[in-house]
């Protein structure tokens, strides 16, 4: 996860550098920056009308270019970036979809229940023609959609009862706007009553109703009262301009940010004394001033702060975000990070997509689960101080120059989605190249074949389904494993005629280990000293040792052949019993010339774990156990050299070499064996 987060941050850094590179190219070719001001006098009449269209100002009664230019200057400074965006949007001329309502419930859900936006609906009465023709309606839809106004058509033939109840007996236009200034308030429906059915007149009607919700100040005394007043709004944005009404984008934003930001329009058209505005720091007209508890911020002095709906919307969202905005941002970041798995994962193509789908599901599930306690926490009372400090931190960070660059880059890449996707793909391919190179240098094996990887995935799935891995520690000792219904499947899996289960080797570390010891055995140093002390008498000792060895061998044969004697090992329980004729402890004692008693040369069975079978030879290497060697036991009770059985199990043979019992599965322990005696029963 941290690797993917690092690559995502690296990708954002690449986008930031790439945007600065594009700015440098534009400056080199044209000699201008996006923040450079444009003189409206140098623009054509068509470009001036395009700017007014994007800002939402009517120009139908202004035939002269001079009047249009003055209206542009009164609404705000024009930058190169805003001019470029407006011309690009005009050239695109994409068709905007309009909603067709199917009935009362559909209309209620989208229009009356939507409390943070504006709807323009054309109602077509039964057996009547629409009020606005098809061509003019398409122009109307395109014009109002720039300001976030949604459109739709309600045909009364689909629900005549609802139209009669509403009083829609003739074709008309309906506009829905929030009724109060609080968030998620009631919605009121306004019906168009004008006589002229033209796009400009209808648009003026819409903007007039939207502007009526904005607090308007006409004199200095009212401005002083409002400027010094402290109310529930922490953020206020003022528009000081010489206009009849605020631009349409300003009115649309006031509805979108209802309850979060207060929009105030200061009409300075007939003001004679403007000294108070100088006292509060307003020197230029028009001015967009953001008033916060931290101070005054002049909108339009930084990169990307254009006089447009999209630019101011991103600016206000960064200062006063909703919980939904933060959730969408986290959702985008998490999914961008999850898609990095497509390039980090090496191997077959199907493997990449399987890992990608798994990562997407995991990350999105964790995101939703982590947001649930956050939403519960935000609903707790007495969190005003927490909200205040959080929003203050956002305002401090998002009014910096770096934040303005980030917002400008966000608007640039959101308007060029193909560039965003191509850079992401190129970044991912570079990650894939370096990751593949790193694995090759480390000699990591990668399944590049789809069939090979699918085969290994199927083996794993069938092994997990038919051969579940049991915990070595948690099985009860007193259970009857011979009556286990899974035993049949377990034993069928080990002959190579069926499945090759993929079993982890973690259970090996839990197997019992101990050292083989003999009764009365000395250390190696003591044995060496004893050997040096008896060096001069080696001839006589060798004779005695040979005689003693011969006697011991004869006694062994007698004990083994006697039907009344018990063997050193239980032959029914251990297949190693026939190997225990000569004790390794006895051989080691004889090699050093020891003359201990025969009882002292027996293996110390008390040090063996309970449930293990007594034997003195490893059936893997066919070597006897030496004093001090490391032993390891299996759940079935058989004992082997530790190195021998680990190599056996690590090779994929997860069963006992003697009885084929699964090496990871506990078995009902055998009865505790008693130390063996050489004395025959009477």
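Backbone N, Cα and C define each Cβ position, glycine as well.
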Suppose you had to name the range Swiss-Prot annotates as zinc finger; which of 575-617, 618-660 would you pick? 618-660
Do you know which of 326-346, 389-409, 452-472, 473-493 Swiss-Prot annotates as transmembrane segment? 326-346
What is the number of residues in the zinc finger (618-660) that are helix, strand and coil, as DSSP sees it? 9 helix, 11 strand, 23 coil
